[in-house]
Amino acid sequence: MTALANIRNFSIIAHIDHGKSTLADRFIQMCGALQDREMQAQVLDSMDIERERGITIKAQSVTLYYDHPNGERYQLNFIDTPGHVDFSYEVSRSLAACEGALLVVDAAQGVEAQSVANCYTAVDQGLEVMAVLNKIDLPQVEPERVIQEIEDIIGIDAVDAPRVSAKSGLGVDKLLEALVEFIPAPTGDRDAPLQALIIDSWFDNYLGVVSLVRVRQGTIKKGDKLYIKSTKDAHLVGSIGVFTPKPLDTGILEAGEVGFIIAGIKDIAGAPVGDTITHASTPDVDRIPGFKQITPQVYAGMFPVESTDFEKFREALQKLQINDASLFFEPDTSDALGFGFRCGFLGMLHMEIIQERLEREYDLDLITTAPSVIYEIVKKDGSIIYVDNPSRLPEPNNIEEFREPIARCQILVPQDYLGNVMTLCIERRGVQVDMRFMGRQVQLIFDIPMGEVVMDFFDRLKSVSRGFASLDYNFERYQVDKLVKVDVLINGDKVDALAMIVHETQSRYRGNALVTKMKELIPRQMFDVAIQAAIGSQIIGRSTVKAMRKDVLAKCYGGDVSRKKKLLSKQKAGKKRMKQVGNVEIPQEAFLAVLQVD
């Protein structure tokens, strides 16, 4: 049992690639939580995708025991959080369990937009934020400039910020000492009725639902009967403990501590994230104010290639949803693709990762349609509807006003690339709101249509600024504009999954570019294939895929039968990823061609 005064709960927040996960590895190593032979890079990034891409997607918690030079032993509960803008909701959830946060800034690159956004989130939640300069052993570091930037842009005192190298471990011991002094101990009465917050939940095939909780007051023991406020269900605690980073069963969690609970909950919705847990004997305890519900920004249709996989796909989405509260889905049908789901995501990276996890972890073959944002439509009769799928748009003569979502974008960019970035924002129909010079960096604030931001704006921003610009955005408002729906017809049949909503001024260009792109992607058939783009009944672009006869065995002559079988099976595998539309086969790439039309 650790006294409250000796517990420290904190998160690590930073921009992508500023060294959060590496610093977490050093903490684990220095506190002796893992043997040297068990150490590996990114210990806390448990998903294969996280390791391959070198990013953190899920926040992970670890309990470490640190022996301070003053002779005291401290329990450090720390949570490693994601840095990418798509996963900022994970950060706000983690911060709800902490009293303090370490803001890790790369001493060579300086402050970036996501650090600013996450830092403001921490300050809003009443946390103490401590700046840390990382990568101090690089030859190109400029600590004085970066300290000035932290003070100018974020507004926290950074003169005494610890300087560390998470890679080599330099200065990390001093950081641990400073952290214990700086971050306040938690408060809470261990004898009061139980009140605990669910920070995260995930599904384990053997144990059921595993919940990560922060105990605000009271004590949870093995065998206790717990009451979950929102579902009003009671469950018996089977196992309780902390991650060190391996699960360690301690049998008890007390006020101020962060740990896991397994209570044999089999229903996926049985332990919602952000909910409050108490004892079944005291069900009237107040709910802890949770986190704000996040709303998806991007919607896309996902359809199984094999229609028999539909139920398997539904189960996979339900299991992912418990672990990822921001994933939204509802059943959807498409004339071209059959039955599937309309899914909502926080951004393009989030969408890619969900698709990759579905294909890897649940062995599904999926076709994804081009993503779209939510539009607000005022109909002629005055009613307002929200449309996230171009194919569900009312007829043009029934629309009074077409409103698109606008994102408030905060961009930090070195002065050298300011011109390029402003040109890009204006190309994307952006309107400048503010511009501030802060040392070598410039803070730009633009209002840009959300549809332009979520597609490939982030990638383009990185390329025009050679990777130096950084972006944070959030939804600002709906605004009236001249938007039209462009349909794609293949041999005269509309393909609902290829429809897109674009600005009137770009409609002809985008329609023609899409038709040309589709011509490259649709394989030649036994007959001519006409591809047309249309607004209403007016055709704005056309191209034709010429007919051919495709014979994969033509070059085999006599040959061995196994060689012929190999060629035929290769052709069959290619066809599996295609769907019949009328009488034309369309590959997956064609459904995403909408994205590549620039």
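Glycine is no exception: its Cβ is also placed from the backbone N, Cα and C atoms.
For 5-187, the entry in Swiss-Prot reads domain 'tr-type G'.
As annotated by Swiss-Prot, GTP binding site applies to Asp17, His18, Gly19, Lys20, Ser21, Thr22, Asn134, Lys135, Ile136, Asp137, with the evidence given as sequence analysis. All protein chains considered, the CB of Ile136 (GTP binding site) has 19 other CB atoms within 10 Å.
Neighbours of Asn134 (GTP binding site), defined as other CB atoms within 10 A of its CB across all chains, total 29. Within the same chain, residues at least 6 positions away in sequence whose Cβ sits under 8 Å from that of Gly19 (GTP binding site) are Val104, Asp106, Asn134, Lys135, Ala166, Lys167.
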